[in-house]
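Quick look at what TrEMBL lists:
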DNA_BIND  58-117  DNA-binding region
COMPBIAS  35-52  compositional bias 'Basic and acidic residues'
DOMAIN    56-116  domain 'Homeobox'
REGION    1-65  region 'Disordered'
Amino acid sequence: MEKGPFSVEWLAQSSRGGAREMPGESRPPSVPADTARDREAAERRSPGREAESAGAAPGRSRTKFSAAQLQELERSFREQRYIGAGEKRRLAAVLNLSQSQIKTWFQNRRMKFKRQTQDAR
């Protein structure tokens, strides 16, 4: 497999000191392109491999909001579609959620609202 300019393999080797030539330059025939071990290591490090095997993106699992949390979030959304820092802190404390979860919920709710209003037209 040929290593294109700034490919994952080339970057991996260059960070280990294995690839000294610039991208696009050819290497001498006496120097092997790469080994099976290098290819396997690059595949293990490549982003997205975990997502392929697990069927979902790595990281946090999806937050399941309780009915009481949703009720309070919807009430707050009806009052104001964009949440301020103070209200975000208050809701996070009252609902036992992180401020990041509150912010993301409001972003998603605004997109849902936008889709609903566009579909109604």
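Using the three backbone atoms N, Cα and C, a Cβ is placed for every residue, glycine included.
Predicted automatically and left uncurated, TrEMBL annotations should be read as such.
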Predicted model, mean pLDDT over the DNA-binding region (58-117): 95
Counts by DSSP class (helix H/G/I, strand E/B, coil) across the DNA-binding region (58-117): 43 helix, 0 strand, 17 coil
